Every structure is written in C-alpha cells, then in structure tokens.
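Residues annotated as NADPH binding site in TrEMBL: A:K103. What TrEMBL records for A:E188 is L-homoserine binding site. The annotation active site, proton donor is assigned in TrEMBL to A:K203. Sequence annotations record features per position, and here TrEMBL assigns domain 'ACT' to A:349-425.
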There are 2 protein chains.
Amino acid sequence: MDKDINIGIFGLGTVGCGVVKILQDNADLIRKRLGFGINIKKVFSRTSKCKNLITNYIYAKDYKELFDDDIDIVLELIGGIDVARKFVCQAIDNKKNIVSANKALFANHGFEIFSKAAQNGVKIGFEASVAGGVPIIKVITRDLMANNIKSIKAIVNGTCNYILSQMFETHESFETILNKAIKEGYAERDPSFDIDGIDSAQKMAILASISFNAKVEEKDVHVEGIRDIDFIDIDFAQKLGYRVKLLGIANSKDNKLLVRVAPYFIEQDNILAKVDGVYNAISVISDMTGQTTYVGKGAGSLPTASSVVADIIDIAKDIESGTVKDTLSMRVFEKMEFVDIDSLESHFYIRFSVVDSVGVLSRIANVLSKYNISIKSVVQIGKGLDVVPLLVLTHKAKESNVKKAIREIEKNHQTIIKNGTVLIRVLD
Amino acid sequence: MDKDINIGIFGLGTVGCGVVKILQDNADLIRKRLGFGINIKKVFSRTSKCKNLITNYIYAKDYKELFDDDIDIVLELIGGIDVARKFVCQAIDNKKNIVSANKALFANHGFEIFSKAAQNGVKIGFEASVAGGVPIIKVITRDLMANNIKSIKAIVNGTCNYILSQMFETHESFETILNKAIKEGYAERDPSFDIDGIDSAQKMAILASISFNAKVEEKDVHVEGIRDIDFIDIDFAQKLGYRVKLLGIANSKDNKLLVRVAPYFIEQDNILAKVDGVYNAISVISDMTGQTTYVGKGAGSLPTASSVVADIIDIAKDIESGTVKDTLSMRVFEKMEFVDIDSLESHFYIRFSVVDSVGVLSRIANVLSKYNISIKSVVQIGKGLDVVPLLVLTHKAKESNVKKAIREIEKNHQTIIKNGTVLIRVLD
C-alpha cells in the first residue's frame, strides 16, 4: 500500500464543502480504486458553510500553514482574482501542486501561473473552472491531444441557458424569467456576471487557450449577453427551425483566432439546440475525431467538487509514481492575432422596432440592399400599435455591412426607433 | 528532450491505417505537446488497406518481432477473439504494454487480460473498444473515479441508431432502411451483429465492468435487437412524446447488477432521444456529478484511431515518467449476482397483431387486467383489413406478468396472431 496524499484547502464555500463531502463519503471507494487515500491535512477559511463536516480537521491560523512540508497539493477555492493569484503564486514558489476552480483567475493570469508551475516542477489542475462536472479540460488536453482542434461551440453558462429555455417553454418575458431564476437560486442577485456573458467569456478564454495552444485572455473575447432577447425572437426562431442559445465559439481562420460569446440562432437539429435548463454542453470539432459533445451540470457544489477531486487524484497518481510532470503548463502558448468580428460573414436575424406605417419595410429593404444584404424572410408582428417589431432574416452578409445598414436605417427614418434594433447571428 | 516511444502494430485494417495516418499527419503536434515523439517501429499485417502510407516502416515477418526489446507498446488491431487473445497474452508475457480496439476480446476475456497485466506490471488501453472517438472509458475510470456510478444509459451502436433515426424521418420500413444502410456502408452485409444487439452487448459488458467494478461479460448481458421494430411503433411513440432507441442500460439494485440491451421508448426531452444518425451517446449517472452525457461518432477509421492514439500517449507518458502503473488492471472486479429482467417493473408498449373484429380489445383488456396490468392508452390502426396492429401502452407493471399475459392472449384467442406481439419497455 502506498502512502496517503495530503491536501490543504483554502476556502470552504460551496465548492470547498463539496470537496470535503466527496473525500469523506467516498473515501473507501477512492482508496480501493487508487491504492491510497486522500487526506485533508489542513484547512484555511474565514467562514465555512460546512463546519459540521470538518471538526476533525485542523484549521490553520495562517494560510501559510498550507505550505507546510507535509502537504502535497493545495486547493485554491476562494474565487476572485487578487488574493487567489497571490496565494497560488506563493504556493507554487513553495513547490506545492495546485488545484483550483477559479475561472476568473485562469482567464486573466493563467499563463503567469503555467510558467511559474513549469519553472517549479509542479502541476496545476483547473478542470473545475469550466463547465463544473463536465471533464472538458482533460478531454481536450488529453483525449484529443493528437487532434488539431478546428472549433469549440459551447453552452458554458447554466443561468443563461436556464433563462432562455424557460422563455421558450413558458412564453414569458426575459425580466419575468430572470426574477424567477433569482428567486429559485438559478441566478445571482446581481445577475450581470452571467447574463452579460462575462462568465462565459472567462470560460471560453480558458477553452480557447488549451484548444489552440494560444494566449487567450478574458479581454480577448468578444462578448454580448442576453439582456435584449425577447420572447418574440425565440418564437420567430422556432418558426424557422431554430433555437436561441448563448454560445461561446472559438475557432481559427488563416492562423488568426476568433473567440466570442453571443446569443445565436442554432438549427434545432444541432445537439446544442437540444441542451436545456442549467446544463452545459461543449462541442469540440477536431480533425481526426470529428464532432464530440460533452453535456452535464455546469455548476453546483458536488459536480464542481467532483472535478476538483479528479484533479487531486490526477496529481496524486503522479506524486505516487515519483514524477510530477505537467505537460500542459510546459506547453508554449503562442501569441496569436485575433480576427475582427466585423469582418465575418453570416446569416443575421434583425429585429427592428418600427412605428407601423406604410412604406416602413421598403425603407428598411432599400438600405439593406444598398449594403448588399438580401432578405430571406421578413415578418411584422402586430399592426396599428404605437411601436411594433419587424423581424428580418438575411442571407449571408458581412457583419460590418449589417451594422452600417442598421445605423443608417435608425438614423434616417423617424418611423424606426433609434437604438431599438436587436441583432442576432445565425450559427453556420 | 525525452526519447521517443516505439510502438509495434498488429493489424493494418480500418483502425490500424487510421492510427498510422494520425501518427504521421499530426506527428509535429504530438511531439510539441508531449515533449517526445511516437515512432512506428514495426508492423505485422497480412494485408493492408494503407500500404502506400507505410513504405518507410519495416514489416515484420513474424508477429513475434513485435515483442522485440526496443518496442514499448504493442497495438492489437486485428479484431476477433482467438488470435487476438493469444497475441495479447503473449505480448503481456513479454512485458509489452497493450493498446487494443477489440470489444469482443475485452467483453469475453478482459479479466484474464487485466490480471495478466497486473502481474506483469504493464498497462492496457482499450478506449477504442467502446464508442469510437468518445473517451468514455477514461471519463469513467479517471474523471469520475471518486463517484459511485448509479447507472449507464447508452446508445453504443451507430448502425441501429442510424436505422431507427432514418425510419423516424422517412417513415419507411425497417427492411427498406436496412438495405439502404448496407448500400451506403452504414451497415455490414451481414448486419446481425449490429441489429441483434450483440455489438452493443459487448460494449455494455465493458462499460458495466468498469462502472461497477464488477465481473460482467458478454454472456451476462440480456440482449434484444431491433429487427421487430416497425414504423408503426416509432409513429405511436412520437405521438405520445417518445422516441424509440436501442439502448444499453446498466444499473445496480440491492447489490445486484442488471445489464441489458433492448429497444426502448424514451421521453423526447431526454438527451438520448435527441442523438440521431450514426452518433453514439453515453449518459452516466453518478452520486456526485449527477448526469453527464458524452456524444460522438462511435465508429470510423479516424475517430476510433484517435482513441487508440490517446491510449498510446497515456501509456507513453507513464513510460517517460519511469513508472507504468495500471490502476484499472489492478482493481478487484467483483463477482456479482445479476437481477432477472422479469422481476423488473416498468411501463410497457405492446403491439398486438389482431384480426379486426368486435370484442378483440375487450378480450385483450380482460387478460391484462387479470395480471394486474392496467392500460394507459390504446389505439387500433386501420380497420377491416385482414390483420391490423393494436397498440397498448400500460401503466407500471411487472415484466413477468406482462409476458405471461401476452402468452395467454396469443394462446386463447384466435383473433390474435400467435408470436405476432412486439413488446418494448418505456425508459423510466
């Protein structure tokens, strides 16, 4: 029997308590499968959601006790950037292997951490930072290692997916569903981190980095959220065979990268269109394996903690074998150029807000045509009301042209409400 | 730079040629990510589908050359049982690590191979034996290692899923679609291995073994195929909100196991209902992570070969680190009892073939009621024809009772065609 591995935990919030629970409840299982146990040696946490679980463990008085010689792996589970970054860097300087669930940290300082880890010969696990219980980081970096990844298309925010699914099912407004989601705990009291796409952008920066071996940080991701989505959009999409989802997409084009988060019209046969509620789903398209898709709960104490424990086990096996080697941290992540999203071509859905009057459609059509944008389908909802939505689906057009046309239409025609236009791309 | 890893390949069929292609086309990528290369040192194959790719490599005159000292990992890619088994055992005796894509071998002799591997300190990779390019074996044994798995529900045969999807879409008969599938290469000329569920049973034996740490072999799996499925069944299912899929299911109940392959009615919101065509999908339900689902191509040269190469890389990293340790082979797989499928309760769909006549439904209903089977929904399709289908959906009932009732109904009533009844379970 090999000797047990000792871990130290910084932070006993939702995820930290999940980790304690798994390591306690499934201790025998883990020991049987691994041949050794995982032992919680020290915990540092100002507050704890699970004090009752850990009376037997020693609370550290200072976080530096987590760097003691007898601790093999340190878990950073406090979230946030500044303190977490300082802590992780110090831990690595003290030759500690790290497991973290911190997407903000890795989307903004991942490369600093990787290079520090490579210098110090320690291993970094951050599976739990993206898509909770779905082991997408290991799938990409290990199972698809011999593949060139072509693109990633992903639903990585459960809150947004829940809201859009609920709007689709109940026909209720964004505001109504958001408030319901907050009440039921599916959305935060300040929901902007989720619904404005920031959370998704952090996760996509991480996924794009490991998929394309590229330096991608949060600031490199084009972000649009779902605040402007109306049931009208979802309903129109459905009638044309689409579903509306907040997608993260990363792909390369002529050796440049494009990473973005935005709502999309997705054909209803696409597997991503079929993933509803708080579930996450990541489709990876690669040269040898084709499309594979990974679906599961993107958040929650135990699913996320399960990914943390998988990382602990992964590093523990290396420690037992005598050689900790982090081929991921040792990779050279290349500085790549980014494609300007305005240069892309796609089909677009445009919702204009118009004052119902004779000639409004012809005015819109004229400007679109001037910018080489041809209309595939158009519907005006309602009549005679003050302001009504006018919905346009275009053939393939250049994004910069579409944006110019919208500006011109809004500027020159009194019957079209200024800044009232919503633009959603159609996924190829 | 570490030294390259040398592999020997037995068998250059569809998968073998895919492996050669990946190792050649993506050699730089693999070297960059791993820090060393994978070198094809020797090949033994009577025939080859890719002679053009491998002129530079040395064909062995005898398969025993694959056991040479300078070969680190041996690939068994010939398929079939007897020769493959002998070869793999001999290779392990010669302290070779093994990668294989052979489901029949592992579903029938896996435990012999694991125990031999553990004795000899070598590692076994068989990711490619289940679900082609989907890394389900590593997900279960590695990423979900700290989870108790509750059940596996899976579409693991692309041919059957293609046929059922096509029947759903085109409304054509099983025979018509099967012939089309054979013509298009989606089904074998002798399709029984696929459509009678044998292929799925082998894969489910492997998945059940690693999920429940249990000795499950092909003979332990209850198997039913899709030959009797008619478009009528698919259509009736759809009208009630179900889809028909050939599922492999493994779960435990009171410390007994049940592993079966059979067509099922699945609620259309279940993600498995939404996976169409040649795709495979495996849902894993575990205590900590909940439900996660893995979707991708279950067959084909490159997807399957990608999984073989992932196994090669996994073992190669161990070799480079100096410690090859196969925690999977070293597990104790327990001998467990199996649940009798007749003892289960579920909702059932029953298609009787009846001669349209007054009183036929009441005769059927009487017998069902005698066996405590209550009817949820019933439809008779057509009228006045010689023989018409009469479709019944039951409330929850015991399977043994349902089977007894059908036997009694067929035996005692001339208006009901003998052996003409089709029974499909409804997934809970």
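Residue numbers in this text run from 1 along the chain shown.
Cβ from N, Cα, C; glycine included.
Just so you know, TrEMBL annotations are computer predictions that nobody has curated.
As the structure is a computational prediction, the values presented were derived from the model and not from experiment.
Looking only at the domain 'ACT' (A:349-425), the predicted model's pLDDT averages out at 93.
Cα separation, the residue listed as 'NADPH binding site' to A:E188 (L-homoserine binding site), rounded: 17 Å. If you take the Cα of A:E188 (L-homoserine binding site) and the Cα of the residue listed as 'active site, proton donor', they are about 18 angstrom apart, rounded to a whole number. Sorting the domain 'ACT' (A:349-425) by DSSP state (H, G, I as helix; E, B as strand; all else coil) yields 25 helix, 26 strand, 26 coil.
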